[in-house]
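Chemist: Here it is, the structure in full.
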Amino acid sequence: MAGDPTAAMEDYKLLQLETATVDAQAPPLPTKTVPVFAPPLSTPPQPNELVYTKRRRTKRKAKCRCLFFTMGMFALGVLMTTAILVSTFILTVPIGALRTAPCPAETFGLGDECVRPVLLNASSNTRNISGVGAVCEEYSEMAASNGTAGLIMSLLDCLNVGDSESVMNKLNLDDTQLAYCNVPSFAECYTKGFGVCYAARPLSPLGELIYKARQALRLDHIIPFPR
(Lines of atoms letter the chains of each structure in order from A and count residues from 1; the text may use other names and numbers.)
(Lines give C-alpha, C1' and ligand atoms only; values in the text may rest on other atoms or scores of the structure.)
Protein backbone atom coordinates (compact mmCIF):
# COMPACT_ATOMS: atom_id res chain seq x y z
CA MET A 1 0.00 0.00 0.00
CA ALA A 2 2.93 2.33 0.58
CA GLY A 3 3.73 2.62 -3.07
CA ASP A 4 0.13 2.58 -4.35
CA PRO A 5 -0.63 5.97 -6.05
CA THR A 6 -4.34 5.27 -6.06
CA ALA A 7 -4.48 5.14 -2.29
CA ALA A 8 -2.60 8.43 -2.01
CA MET A 9 -5.10 10.08 -4.36
CA GLU A 10 -8.00 8.85 -2.27
CA ASP A 11 -6.42 10.19 0.91
CA TYR A 12 -6.00 13.61 -0.74
CA LYS A 13 -9.63 13.70 -1.80
CA LEU A 14 -10.77 12.74 1.71
CA LEU A 15 -8.64 15.58 3.14
CA GLN A 16 -10.19 18.12 0.76
CA LEU A 17 -13.65 16.86 1.62
CA GLU A 18 -13.03 17.25 5.36
CA THR A 19 -11.60 20.74 4.87
CA ALA A 20 -14.63 21.81 2.85
CA THR A 21 -16.94 20.40 5.51
CA VAL A 22 -15.16 22.33 8.29
CA ASP A 23 -15.27 25.57 6.27
CA ALA A 24 -18.99 25.14 5.65
CA GLN A 25 -19.71 24.59 9.34
CA ALA A 26 -17.54 27.53 10.58
CA PRO A 27 -19.36 30.90 11.09
CA PRO A 28 -18.61 33.61 8.52
CA LEU A 29 -16.16 36.30 9.52
CA PRO A 30 -17.62 39.83 9.88
CA THR A 31 -16.92 42.11 6.96
CA LYS A 32 -16.80 45.95 7.09
CA THR A 33 -18.85 47.69 4.43
CA VAL A 34 -17.92 51.20 3.33
CA PRO A 35 -20.95 53.29 2.24
CA VAL A 36 -20.62 54.80 -1.16
CA PHE A 37 -22.55 58.05 -1.80
CA ALA A 38 -23.60 58.40 -5.36
CA PRO A 39 -25.63 61.37 -6.69
CA PRO A 40 -29.22 60.49 -7.50
CA LEU A 41 -29.89 60.04 -11.11
CA SER A 42 -32.18 62.64 -12.63
CA THR A 43 -35.31 60.99 -13.75
CA PRO A 44 -37.25 62.59 -16.57
CA PRO A 45 -40.67 63.99 -15.51
CA GLN A 46 -43.56 61.77 -16.10
CA PRO A 47 -46.33 62.91 -18.47
CA ASN A 48 -48.75 63.45 -15.56
CA GLU A 49 -46.30 65.81 -13.82
CA LEU A 50 -45.89 67.90 -16.98
CA VAL A 51 -49.65 68.30 -17.32
CA TYR A 52 -49.98 69.31 -13.64
CA THR A 53 -47.19 71.91 -13.96
CA LYS A 54 -48.76 73.47 -17.04
CA ARG A 55 -52.15 73.67 -15.34
CA ARG A 56 -50.63 75.33 -12.26
CA ARG A 57 -48.88 77.97 -14.39
CA THR A 58 -52.09 78.65 -16.28
CA LYS A 59 -54.04 79.10 -13.04
CA ARG A 60 -51.38 81.45 -11.67
CA LYS A 61 -51.50 83.63 -14.78
CA ALA A 62 -55.30 83.69 -14.65
CA LYS A 63 -55.22 84.82 -11.00
CA CYS A 64 -52.77 87.62 -11.80
CA ARG A 65 -54.89 88.83 -14.70
CA CYS A 66 -58.02 88.71 -12.55
CA LEU A 67 -56.29 90.70 -9.80
CA PHE A 68 -55.06 93.37 -12.22
CA PHE A 69 -58.49 93.63 -13.82
CA THR A 70 -60.19 94.00 -10.43
CA MET A 71 -57.75 96.69 -9.29
CA GLY A 72 -58.12 98.56 -12.56
CA MET A 73 -61.92 98.51 -12.38
CA PHE A 74 -61.81 99.69 -8.76
CA ALA A 75 -59.51 102.61 -9.63
CA LEU A 76 -61.71 103.49 -12.61
CA GLY A 77 -64.79 103.44 -10.39
CA VAL A 78 -63.15 105.74 -7.85
CA LEU A 79 -62.12 108.20 -10.56
CA MET A 80 -65.57 108.21 -12.15
CA THR A 81 -67.30 108.71 -8.79
CA THR A 82 -64.97 111.58 -7.92
CA ALA A 83 -65.52 113.21 -11.31
CA ILE A 84 -69.31 112.93 -10.95
CA LEU A 85 -69.29 114.42 -7.44
CA VAL A 86 -67.01 117.31 -8.44
CA SER A 87 -69.06 118.04 -11.57
CA THR A 88 -72.30 117.97 -9.60
CA PHE A 89 -70.86 120.35 -7.02
CA ILE A 90 -69.59 122.75 -9.68
CA LEU A 91 -72.92 122.79 -11.51
CA THR A 92 -75.29 122.95 -8.54
CA VAL A 93 -73.51 124.93 -5.83
CA PRO A 94 -75.50 128.09 -4.96
CA ILE A 95 -73.83 131.38 -5.74
CA GLY A 96 -74.54 132.80 -2.30
CA ALA A 97 -72.51 130.05 -0.67
CA LEU A 98 -69.47 131.14 -2.68
CA ARG A 99 -69.68 134.84 -1.86
CA THR A 100 -68.16 134.67 1.58
CA ALA A 101 -65.20 137.00 1.14
CA PRO A 102 -65.29 140.22 3.22
CA CYS A 103 -66.50 143.38 1.56
CA PRO A 104 -63.93 145.96 0.41
CA ALA A 105 -63.03 149.02 2.44
CA GLU A 106 -65.64 151.80 2.82
CA THR A 107 -68.43 149.27 2.30
CA PHE A 108 -70.42 146.91 4.50
CA GLY A 109 -72.21 143.71 3.73
CA LEU A 110 -75.95 143.20 3.49
CA GLY A 111 -76.57 139.60 2.54
CA ASP A 112 -74.84 138.83 -0.74
CA GLU A 113 -74.25 142.52 -1.51
CA CYS A 114 -71.64 145.06 -0.46
CA VAL A 115 -73.22 148.47 0.16
CA ARG A 116 -71.37 151.79 -0.18
CA PRO A 117 -73.07 154.97 1.11
CA VAL A 118 -71.91 158.06 -0.80
CA LEU A 119 -72.40 161.80 -0.44
CA LEU A 120 -73.99 163.80 -3.25
CA ASN A 121 -73.94 167.52 -4.01
CA ALA A 122 -77.46 168.92 -3.49
CA SER A 123 -76.83 171.81 -5.85
CA SER A 124 -76.08 169.59 -8.78
CA ASN A 125 -78.25 167.06 -10.52
CA THR A 126 -76.71 164.13 -8.72
CA ARG A 127 -79.64 163.49 -6.40
CA ASN A 128 -81.59 161.56 -9.04
CA ILE A 129 -80.89 157.94 -9.88
CA SER A 130 -78.88 158.76 -13.00
CA GLY A 131 -76.61 161.11 -11.06
CA VAL A 132 -76.06 158.48 -8.37
CA GLY A 133 -75.26 155.98 -11.10
CA ALA A 134 -72.51 158.25 -12.41
CA VAL A 135 -70.97 158.40 -8.94
CA CYS A 136 -71.25 154.63 -8.48
CA GLU A 137 -69.57 153.99 -11.82
CA GLU A 138 -66.38 155.40 -10.34
CA TYR A 139 -66.35 152.40 -8.01
CA SER A 140 -67.55 149.95 -10.70
CA GLU A 141 -70.78 149.54 -8.74
CA MET A 142 -74.48 150.01 -9.36
CA ALA A 143 -76.78 152.63 -7.88
CA ALA A 144 -79.60 151.63 -5.55
CA SER A 145 -83.04 153.13 -5.98
CA ASN A 146 -84.04 156.16 -3.91
CA GLY A 147 -86.34 154.06 -1.72
CA THR A 148 -83.62 151.51 -1.00
CA ALA A 149 -81.09 154.26 -0.29
CA GLY A 150 -83.49 155.96 2.14
CA LEU A 151 -84.11 152.71 4.00
CA ILE A 152 -80.41 152.00 4.33
CA MET A 153 -79.61 155.50 5.59
CA SER A 154 -82.48 155.31 8.08
CA LEU A 155 -81.10 152.00 9.27
CA LEU A 156 -77.69 153.57 9.82
CA ASP A 157 -79.25 156.42 11.80
CA CYS A 158 -81.20 154.00 13.98
CA LEU A 159 -78.11 151.96 14.71
CA ASN A 160 -76.13 155.05 15.66
CA VAL A 161 -78.65 156.43 18.19
CA GLY A 162 -77.70 155.87 21.83
CA ASP A 163 -74.43 154.12 21.04
CA SER A 164 -71.14 155.44 22.34
CA GLU A 165 -69.22 153.94 19.42
CA SER A 166 -69.84 155.21 15.93
CA VAL A 167 -71.60 152.85 13.57
CA MET A 168 -69.36 154.13 10.81
CA ASN A 169 -66.41 152.76 12.71
CA LYS A 170 -68.10 149.39 13.12
CA LEU A 171 -69.01 149.21 9.45
CA ASN A 172 -65.52 150.13 8.28
CA LEU A 173 -66.75 153.56 7.12
CA ASP A 174 -64.87 155.75 9.61
CA ASP A 175 -62.58 157.28 6.94
CA THR A 176 -65.35 158.34 4.56
CA GLN A 177 -67.25 161.61 4.22
CA LEU A 178 -70.33 159.86 5.51
CA ALA A 179 -68.60 159.35 8.86
CA TYR A 180 -67.97 163.08 9.16
CA CYS A 181 -71.59 163.79 8.36
CA ASN A 182 -72.60 161.63 11.29
CA VAL A 183 -71.36 164.46 13.57
CA PRO A 184 -74.24 166.99 14.11
CA SER A 185 -71.88 169.99 14.25
CA PHE A 186 -70.65 169.33 10.72
CA ALA A 187 -72.96 171.85 9.03
CA GLU A 188 -71.60 171.29 5.53
CA CYS A 189 -73.30 167.94 5.40
CA TYR A 190 -76.72 169.59 5.47
CA THR A 191 -76.14 170.70 1.90
CA LYS A 192 -75.26 167.19 0.81
CA GLY A 193 -77.44 164.37 -0.35
CA PHE A 194 -77.02 160.68 0.27
CA GLY A 195 -76.84 157.86 -2.23
CA VAL A 196 -76.17 154.17 -2.04
CA CYS A 197 -74.02 152.09 -4.36
CA TYR A 198 -73.92 148.33 -4.19
CA ALA A 199 -72.11 145.43 -5.77
CA ALA A 200 -72.08 141.69 -5.36
CA ARG A 201 -69.98 140.40 -2.50
CA PRO A 202 -66.57 139.18 -3.72
CA LEU A 203 -66.13 135.52 -4.40
CA SER A 204 -64.25 133.30 -2.01
CA PRO A 205 -61.16 131.42 -3.27
CA LEU A 206 -63.37 128.38 -3.84
CA GLY A 207 -65.84 130.56 -5.73
CA GLU A 208 -63.05 131.88 -7.94
CA LEU A 209 -61.97 128.32 -8.69
CA ILE A 210 -65.51 127.24 -9.59
CA TYR A 211 -66.01 130.36 -11.70
CA LYS A 212 -62.85 129.60 -13.68
CA ALA A 213 -63.92 125.96 -14.05
CA ARG A 214 -67.28 127.01 -15.49
CA GLN A 215 -65.53 129.39 -17.84
CA ALA A 216 -63.19 126.62 -18.97
CA LEU A 217 -66.16 124.30 -19.56
CA ARG A 218 -68.06 127.14 -21.34
CA LEU A 219 -71.09 126.76 -19.11
CA ASP A 220 -71.73 130.47 -18.56
CA HIS A 221 -74.45 130.59 -21.20
CA ILE A 222 -76.19 127.54 -19.66
CA ILE A 223 -75.76 128.34 -15.95
CA PRO A 224 -75.39 132.10 -15.37
CA PHE A 225 -72.76 132.97 -12.83
CA PRO A 226 -72.68 136.74 -12.35
CA ARG A 227 -69.45 138.10 -10.95
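Heads up, the Cβ atoms here are built off N, Cα and C, so glycines get one too.
According to Swiss-Prot:
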TOPO_DOM  1-65  topological domain 'Intravirion'
TRANSMEM  66-86  transmembrane segment
TOPO_DOM  87-227  topological domain 'Virion surface'
CARBOHYD  ASN121  N-linked glycosylation site
CARBOHYD  ASN128  N-linked glycosylation site
CARBOHYD  ASN146  N-linked glycosylation site
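Describe the structural surroundings of these features, if you would.
Modeler: Averaged across the topological domain 'Virion surface' (87-227), pLDDT for the predicted model comes to 70.
DSSP assigns ASN146 (N-linked glycosylation site) to a helix. Cβ neighbours within 10 Å of ASN146 (N-linked glycosylation site), excluding its own Cβ and spanning all shown chains: 15.
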